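Just below is one structure, and these are the notes that go with it.
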Amino acid sequence: VDANHLSLVTGLEGDVNVKFLLTGGSLVKVRSNNWKKNRFFKLQEDFRTVFQETHKIIGRKNTFSIDDIDTVRQGRHSEGLEKYTDENMEDRCFSVIFKNRRKNLDLIASSREEAAYWTTGLEKVVRAMHNLSRQESSEHWIFNCMRKADKNHDNKMTLKEMKNFLRTINIEVNDNYAEMLFKKCDTSKSGTLEGSEIMHFYSLLTNREEINVIYSKYACTGGQMSAEDLLKFLVYEQRERSSMSDALRLIEKCEPDETAKENGHMTKDGFLMYLQQAEGMIFNMAHKDLYQDMSQPLNHYFISSSHNTYLMEDQLKGPSSTEAYIRALMKSCRCVELDCWDGENGEPVIYHGYTLTSKVLFKDVIKAIKEYAFKTSQYPVILSLENHCSLEQQKLMAHYLRSILGSALVTEPLGDKMPTHFPSPQDLKGRFLVKGKRMNKLDSFFSSSSALEEDSVSEEDEAANSSKMKLARELSDIVIYCKSVHFVSFEHTRDTQAFYELSSFKESKALNLAKTSATAFICHNAEKLSRTYPAGSRTDSSNYNPVPLWNAGCQIVALNFQTPCKEMDLNQGQFLPNGLSGYILKPKFLRNRATEFDPNRLTRGPWMQKKKFHVMIISAQQLPKLNKEKKNSIVDPLVKVEIYGVPDDKAEKETHHINNNGFNPMWNESFEFTVFVPELALVRFMVEDYDTASHNDFIGQYTLPFTSIQNGGSVYHPIPWNKSLLLTKRHMVWLLMADREG
């Protein structure tokens, strides 16, 4: 497919920015003060890769994929460009941010105009190719693989090329079957497949019996679905409250055949396209945007929260970076941690104290937070300060917070009188709250003292020492609704602790309280905020299970956002609904100060809403190869369905594995789960590559709250994971699956 064709199908024909990218040009690549090199970059004609000139290192890839680009940032908005370029270069700088842990690509153009060509052009291509990938049928993808398998480019396929092609698309077949399939398609007896023979081969390969069964049941009008047929499917199978206008709208949106569309019909290709639309997903689209009441007090919400946010990797020697804050905030994290220490030249720094992790300037972090805090969500961000600084550097921290964040920083209680409860996320939209030590209670807000001896123990080190520190009045005064205090007991806090006084609990303490004193913990959290954080022994930045803490009503369950793992999957699933706001309203029984709910010992109450969850795992399509370097590596996929929530709801079931078929495996296995407390339940679908000798390898997953699953009887929905589809039946469901980079 040439560039002219792609410019047409992507709608970028004649676009001056894209033409500039296709021509290419020289940019300065920036790594450090001493490493700034001219390199040639060019968008390839496949529109999917960018060529980059490399020197010296043999074997290094000289291209990167458009699919790997997360965002393109114009200006000096990366840590590297802020450090290693001058302010007068602002309009010539830009950064390419990748989806995974790959380092940013920091670049300088020769002029402001050229920088605009690059940033605008790349953004357009990324967006267009993303849309094209969503619209592409399996046919486009498979024929691209066929072309790659055609080594001599003669538009014919030999038996050997066919075997290589099957391995490329993740199918392993024995030689006899491959030869049988080849002979069946080689009607010309030429020993090669070409033209219509390849089309026949394609049709045999892509035939999906499970889709045929669904489609043929309702395709009652000349072998196609009429609008009336489609409406019956929507009403009787999907259990949707649909009308004829809804059916016609879906035909207009999904049907690729213009003749069928004009006749108000849907072909099988159109039906498959419909199954991949948002309307067909397992996730209830009514929960996609903001749908919850955001006017409740702040402590009535679960709040997406990060631990040691500044770290990109491990806790001992990994890099600290403003980029880590940007990535967490763009994932709608609403509570970030700043571990503050005295730095050189009087400048406070952020890093993991007493370790070899690198340092980043406090002021640079605050600038990055200001820039990116409200791009994904408009709801408040809590800055959790771990203060280890001298008085002078504390004063400078306070100055930076006030001067950089400006009026967005909450520096006094809302309203004209002493508050008795938290403001709501709605009241605090676009605002920053500081969590940290404070000299006095809010009713002595205008105290005149400039410094006070204060317990220096960090919440995260309370067992280690009991020394004292001086706390600067300037820093103390901007701690309004989140004053850090030491936890003694639930009885003590009930009698003496103000609503805005917040305790932090290390992992072991929090999990023990959630197990042995769950109801007391819930009642505490119905009035106050609680923060939990990983054990210090997790030097690899691993995570703990957040679910028991959510069950106990804890709002700020801080996790290591930089670590892809099951626990972060659960966190992202928990905060998937409600417009990716980073705030989820807790169930009513977790907001009631007189609640009797105990997640560990279920009794009758409003929390008991017993549900039966039926799911049939039908099939998958185009699962990725995990070992792309090894040609003969084919996945043996299986699917796990997991329920997380109260202990009585915890469950896991899995299908059998399918040998050597990641292209179109079929399971047709049914499972049933009983869910007692659906408002606290999460459902996780995971695909793994079965391994007899070691742990199974992770392929993809999708997690969502049980209450955000589409309601219905027989409901079919898709789960695309990159180009992969998992077809399930949840009284029936298709699923949407994502890798851990999103």
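Cβ coordinates are placed from backbone N, Cα and C, and glycine is handled just like the others.
These features come from TrEMBL:
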type: ACT_SITE; residues: HIS307; note: active site
type: ACT_SITE; residues: HIS352; note: active site
type: BINDING; residues: 29-56, LYS435, LYS437, SER504, ARG531; note: substrate binding site
type: BINDING; residues: ASN308, GLU337, ASP339, GLU386; note: Ca(2+) 3 binding site
type: BINDING; residues: ILE634, ASP636, ASN660; note: Ca(2+) 4 binding site
type: DOMAIN; residues: 20-127; note: domain 'PH'
type: DOMAIN; residues: 137-172; note: domain 'EF-hand'
type: DOMAIN; residues: 475-591; note: domain 'PI-PLC Y-box'
type: DOMAIN; residues: 598-719; note: domain 'C2'
type: CARBOHYD; residues: SER188; note: O-linked glycosylation site
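A Cα-Cα distance of 6 Å separates HIS307 (active site) from GLU337 (Ca(2+) 3 binding site). Proximity of LYS29 (substrate binding site) to non-local residues of its own chain (separation of 6 or more, Cβ distance below 8 Å) is seen for LYS36, LYS37, ASN38, ARG39, LEU105, ASP106, LEU107, given in sequence order. Scoring each of the binding-site residues (GLU45, GLU337, ASP339, GLU386) by how many neighbouring Cβ atoms lie within 10 Å, the top position goes to GLU337. Rounded to the nearest whole angstrom, the C-alpha distance between HIS352 (active site) and GLU386 (Ca(2+) 3 binding site) is 10.
If you average pLDDT over the domain 'PH' (20-127) in this model, you get 90. With every protein chain in view, the residue among the recorded positions LYS37, HIS352, LYS435 whose Cβ has the most Cβ partners within 10 Å turns out to be LYS435. Note on proximity: among ASN308, ASP339, ILE634, ASP636, the binding-site residues of the record, the Cα nearest GLU45 (substrate binding site) is that of ILE634.
For THR49 (substrate binding site), the nearest of the recorded positions by C-alpha distance turns out to be ILE634; the candidates were SER188, ASP339, GLU386, ILE634, ASN660. Geometry remark: PHE41 (substrate binding site) versus GLU337 (Ca(2+) 3 binding site), CA distance 37 Å. Taking the Cα atom of each, SER188 (O-linked glycosylation site) and GLU386 (Ca(2+) 3 binding site) are about 76 angstrom apart. With respect to ASP636 (Ca(2+) 4 binding site), the closest of these binding-site residues in Cα terms is GLU53, chosen from ASN33, GLU53, ASP339, GLU386.
In the structure shown, the C-beta of ASN308 has more C-beta neighbours within 10 angstroms than that of any other entry among the binding-site residues ASN33, THR49, ASN308, ASN660. There are 12 other CB atoms within 10 A of the CB of SER188 (O-linked glycosylation site), with all protein chains counted. Here the candidates are the binding-site residues ASN33, LYS435, ILE634, ASN660. The one whose C-alpha lies nearest to that of ASP339 (Ca(2+) 3 binding site) is LYS435. Comparing Cβ neighbour counts within 10 Å across the binding-site residues GLU53, ASP636, the minimum falls on GLU53.
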